Amino acid sequence: MAADDWPKAVLFDLDGTLVDSAPDLHAALNETLESYGEPPFTLEAVTRMIGGGVPKLIERAYAALDKELDPAVRDRIVERFLKIYEPRSTELTTLYSRASEVTRSLKAEGRAIGVVTNKPGEATGQILRHFGLSDLMDVVVGGDAGPAKKPEPGLLFLACETLGLEPADVLFVGDSENDVKAAQAAGIKVVVVIGGYTTLSPEQLGADGAVDSLSGVQAMFEALR
């Protein structure tokens, strides 16, 4: 691979990276909790719970309520949450600044692009279609695709396999510790977008690079080659 061809693909996390989905997740979580007689959370509190998929979101919510969940009960609550969330996953969600321009520019450069997220595939597809990004994607891997969710590397390996690329050919762009750990475990270089859903600093995350917004991603290529 010629140095100036790298990366052959850029994969993105979804929540906190391409879109701000916290308001819709917040609304659905509070409606779910209300149906079980539990009190609501603030948007800020729910934003700190995001990452790891819906089961983790539910577990963190109940932990914040000082309540333990039996796995079977958790799974029923997850099912209830998804019935509320999936039909309304784009009502309050917004696309981050420059997300459309950056993905289209990468595509025009001849690079493959895709999304690798812990969010279920159905909701992921709805969000990408809503913002006109679905047709740009060469691969979309949701958290229910089969492999273990991030921070395990399996979802990223699946994306690379689908694209026919080696991990060394790929850059992953995310916002969280789960993203960094998954990429590192997969042998993929990773850049974090500052200001996502993590409370950790870029230094604490240990990524290969950090940008203030998506518009800085392409400027990182030369330094990371």
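Positions of Cβ are set from backbone N, Cα and C atoms, glycine also.
The shown structure was predicted, so the numbers you read here are calculated from the model rather than taken from an experiment.
According to TrEMBL, Asp13, Asp15 bind Mg(2+); the candidate from Asp144, Asp169, Asp175 that the record adds to this site is Asp175. Asp13 (active site, nucleophile) sits 8 Å from Asp175 (Mg(2+) binding site), counting Cα to Cα. Taking Cβ-Cβ distances under 8 Å and a sequence separation of 6 or more, the neighbours of Asp175 (Mg(2+) binding site) in its chain are Asp13, Gly16, Thr17, Val192, Val193, Gly195, Gly196, Tyr197, Thr198.
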